[in-house]
Amino acid sequence: MEKITVLGAGSWGTALAIVLAENNHDCLLWSHRADQAIEITQNHTNKKYLPETTLPTNLRATSDLKEAIEHSQTIVLAVPTKGIREVCATINDYLSNPALIIHVSKGIEPDTFKRISEMIEEEISPSNLQEIVVLSGPSHAEEVVLQHPTTVTAACRDLTYAEKVQDLFMRSYFRVYSSSDVIGVEIGGALKNVIGLAAGVLAGLGYGDNAKAALITRGLTEITRLGDKMGANPRTFSGLSGIGDLIATCTSVHSRNWRAGNLLGKGYKLEQVLEEIGMVVEGVRTTKAAYQLSNHYHVPMPISTALYHVLFENEDPKTAVDSLMERSKKHEMEDLYEGHE
Ligand SMILES: NC(=O)C1=CN([C@@H]2O[C@H](COP(=O)(O)OP(=O)(O)OC[C@H]3O[C@@H](n4cnc5c(N)ncnc54)[C@H](O)[C@@H]3O)[C@@H](O)[C@H]2O)C=CC1
Ligand SMILES: O=C(CO)COP(=O)(O)O
């Protein structure tokens, strides 16, 4: 049994805290809302994010970040990408011993192109940092709390820590694999949200399985192409954090990104869509980052680029799909044939 702190009491932070509490760890969940922390500790519910779920009685919550950090040196970071820097900068002030940070967020910061582990390293001083592990894969919170079989990957440059995270989380319904490819696991997790949004757009336009299969396959191609340039092991993209998460997000009714895209395809405006979903839709910001990265590395990413035009330049979704389909002919394995975009 270990003392573990989970920062972020949204759907994912809460679902993971449940797994840890069921594994008999002394788990303290931090919410930045006092009323939510009281609800979790006293009523054993988190109605806003997991309305049907009863939480284990050994799971407590606090809204005091200092108390949460003093609780343990094993910290699961489950806040949206946009909040990572702010939360890390604050906890850096409270840390008195090097912490193991396990991050579970999926995004890339626009403009800086930083992955989550890079942002953590910039905000937490080296003396306060033991290691960073990323935990990622096809894992909707709604199904984890129902104890449906789920598989994820824990990646760290030092495999010892990835294996430690495996031991903390492994449970009959929650299987964790290890990897040392932090870059690949982070890029796969972030960019699948862009393709998931696009899959929702296609569904919203009324397109079916042919279009979905094309999108997943060609989406994986552009993720792999970029990941390769950014230093990932291309094989990682055929694993859980790559194709695995891509399938889950592009085919699931639980996916916030898919649902957001679906509404966009039906003609709703982005602001309306985000209000309707009410939870973080990471793919929106990551689409901006993907578009910028595509230009920066001169890597063709036609799907991400088309989605960027829809999200940020008001392009009509149907026109964007038509433009994608009407591009010049290509070889399917175009990366082998330079000059063929
Ligand atoms: N929901 C899921 O099934 C999964 C989510 N993830 C990832 O986990 C991360 C968190 O997602 P969810 O839990 O789904 O989001 P959510 O929208 O359910 O909850 C986010 C939580 O973070 C809090 N929050 C927002 N901004 C904050 C800030 N600046 N500082 C502190 N707290 C802040 C919100 O109040 C809320 O409690 C995302 O990167 C997401 O991609 C990864 C795997 C599965
Ligand atoms: O990352 C997830 C599942 O693996 C959650 O996806 P959404 O953010 O699209 O809901």
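The backbone N, Cα and C atoms fix where each Cβ goes, and this holds for glycine too.
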Residue in Lys47, Lys48, Lys192 which TrEMBL records at the sn-glycerol 3-phosphate site where Lys106, Gly137, Ser139, Asp245, Ser255, Arg256, Asn257 also bind: Lys192
Co-listed NADPH-binding residue [TrEMBL; alongside Ser11, Trp12, His32, Arg33, Lys106, Ala141, Arg256, Val280, Glu282] among Tyr49, Tyr161, Tyr308: Tyr49
Secondary structure composition of the domain 'Glycerol-3-phosphate dehydrogenase NAD-dependent C-terminal' (181-321) [DSSP: H/G/I, E/B, coil]: 111 helix, 0 strand, 30 coil
Subset of binding-site residues (His32, Gly137, Ser139, Asp245, Val280) lying within 10 A of Arg256 (NAD(+) binding site), CA to CA, in sequence order: Val280
Candidate nearest Asp245 (sn-glycerol 3-phosphate binding site) in space, where candidates are the binding-site residues Gly8, Trp12, Tyr49 and distance is Cα-Cα: Trp12
From Gly8, Gly10, Gly13, His32, Val280: binding-site residues whose CA lies within 10 A of Ser139 (sn-glycerol 3-phosphate binding site): none
Those residues of the chain, 6+ apart, with a Cβ under 8 Å from that of Lys106 (substrate binding site): Thr81, Ile116, Ser136, Gly189, Ala190, Lys192, Asn193, Glu282, Thr286
Val280 (NADPH binding site) and Ser255 (sn-glycerol 3-phosphate binding site), distance between Cα atoms, whole Å: 11
